[in-house]
C-alpha cells in the first residue's frame, strides 16, 4: 500500500513549540505560523501580475473553512515536525482521484515502517466552490508538472493534519525571536526587534532559497515566505555567573560600632548608659555584681593595670576602680526589694493623689555629695593665721572680742549652709515659706554637724565653714560650755567612720524633717522618705554595712543628739543677749526669736 513518509527533523534541545519551523514545498506554500488567525493578523500584498482580483482577498478563516471541504487546488506542503529525530510513516489508503495518476517515482513503503501507535487514514472531500467569485486560481501550472501527484499526496496529508491541529488548543505565536549573542558581548547590549504587520508577498521567489534563523536552515521555495521577526541576543552564562558572583554590599547592621558609643571603662561598644555612665554590658554586669556582693578585690601589681576590651578581666580591682573613676554610682544599683522585677515601680493607685514634687535625679546621693563638697573648704586652703594652741590664750583679751568672733563664725556659716541647702534635689521645689522655716529651724543643727565632721577633736582643731582653723581653747570664751559638747559629739561621730555619702544624707535629713508651721508637710515628708531610702540603700551595700546591722540605726540616732545640741546653742545666744556685751546681728536675733520652742 503506498504511503507518504513524513520527515521529522531534530530540534535543538530546549526549543519551544513556538520556535519549531515548518516548510512546505510547492508553488502554493503557507507557513504554519499563519494557521492561527485568532492570534495573528496580517495583510497580503498582491504583486503578482498573473493573479488578478476585483475585490479584496478572502479572509484567512475562509481559507481554513475551505480546507475542511477541500480545494480544487490544495497547497502542497512538506510537514516537518522537529521532535526526536526518529522516522515514522503515515499510511494513506483509499484515495480516489479525479483523472489523476500516481506518479511513477513515488517510493513504496513497507508495513514494517508503520508506527506502533496505529495508522492514520485520510479521504478526499468533494471540491468546493470558491467563496469569492472573482478570486481565480490557475490550475494548469500545478498539474502540468509531472511530480504534481506526488506533491498533491503530501499536500493533502499535511492539510488534513493542519485541520486537526485547529481542533486542539494552539499555543500563542511568539512574536519575539532570540539569537545567541557572540562571546564577549556585554550584558547591556541585549537588543529586541519586533516586526510590524506581516505581509504576504505573492511574487514568486527562486526555488531553493534558504534563510538562516538561530542556526537552523529551512527552505522557502514557494512565493509565500515568513520574514524574520526580530533578534534578541541572549545573555551569556559567563556574564550571568559574573553578576551572581558580584557581592552586594550589605546594609550596616543594627549593632555596628558606627551607630553606637564606646564604653567609658574598657572601650567596647556601648549602646546606652548604665548607672550614670555609658558602659558596655560586660562592665555593667561586673559593676552590679561587685556592688551587690560587696566584693573585695586586690591588685597584684601597682594598682594601675590597663583596662581595655582585651585585658579588662585581668585585674578586677583596677577595673572596679576605673568604674568608679568614670562616674558609675554604686547607690543606683538595684536593691533586694526590686530584684527580679526589672526595676519596675509599684503600680499607681486608682484613687487620685496630690501632685508629688518633681522626681529627683537618679543619682540622688551623688547630688548630695556634690553639694556637700562644694560647701566645704578645701584642705589645702585652710586659714591657720589665727590658730594658737597656747592654753593661756583664753585668758588674754576681753570677752567682747570672743563674743564678736562667735557671732562672726555663725553669720559666716549661715550663707554657706543656705547655698548648700538650695543644691539638695527637691528642696528648691518646696514653697519659699517652707524652705525658710526648714533652714532656720535646722541652722544650728547643721552648724554643729558640719563642724563636728570636719574638725579633729583629738588635736583640738576646729575647722569652720569659711576655712578658719581655731583651737578648742580659742573658742571657750565665745561659745561657753557649748564648745565642749560640740567636741564630744565630733569625737563620737568620727569614731563611727561615716563616709561622705552617708554623712551627706544625714545632713540633708537634719534639715528636711517635720517642723511645726509647714504649709505642705506632705511634700516635705515625701522628700524625706527619698533621702532615707537613699541612705538605706547606701548603707546596705556599702563596704562594711552588711557586717554592722545596727549601723543605720546609729546614724539616724545622731539626729536627736543634734536637737539637744541645738537647744544648747539657743541657750548660749540667749545668755549673750542677756549679758548685752555685744549686740547680736539682726539675722542671729531673728533666728533666735523664730526658733524658740516656747
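We count from 1, first residue shown onward.
Just so you know, glycine gets a Cβ as well, placed from its N, Cα and C.
What Swiss-Prot says about this protein:
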- 260-335: DNA-binding region (DNA_BIND)
- 8-22: compositional bias 'Low complexity' (COMPBIAS)
- 360-595: domain 'NR LBD' (DOMAIN)
- 1-22: region 'Disordered' (REGION)
- 337-361: region 'Disordered' (REGION)
- 287-314: motif 'Bipartite nuclear localization signal (NLS1)' (MOTIF)
- 338-350: motif 'Nuclear localization signal (NLS1)' (MOTIF)
- 443-452: motif 'nuclear export sequence (NES1)' (MOTIF)
- 568-577: motif 'nuclear export sequence (NES2)' (MOTIF)
- 263-283: zinc finger (ZN_FING)
- 299-323: zinc finger (ZN_FING)
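Listed as Cβ neighbours of the motif 'Bipartite nuclear localization signal (NLS1)' (287-314) (distance under 8 Å, sequence separation of 6 or more from its ends, same chain) are residues 263, 265-268, 274-275, 279, 320-323, 328, 330, 333-334, 541-543, 545-546.
Per-residue pLDDT, averaged along the motif 'Nuclear localization signal (NLS1)' (338-350), amounts to 48 for this model. Taking H, G and I as helix, E and B as strand and the rest as coil, DSSP gives the motif 'nuclear export sequence (NES1)' (443-452) the counts 10 helix, 0 strand, 0 coil.
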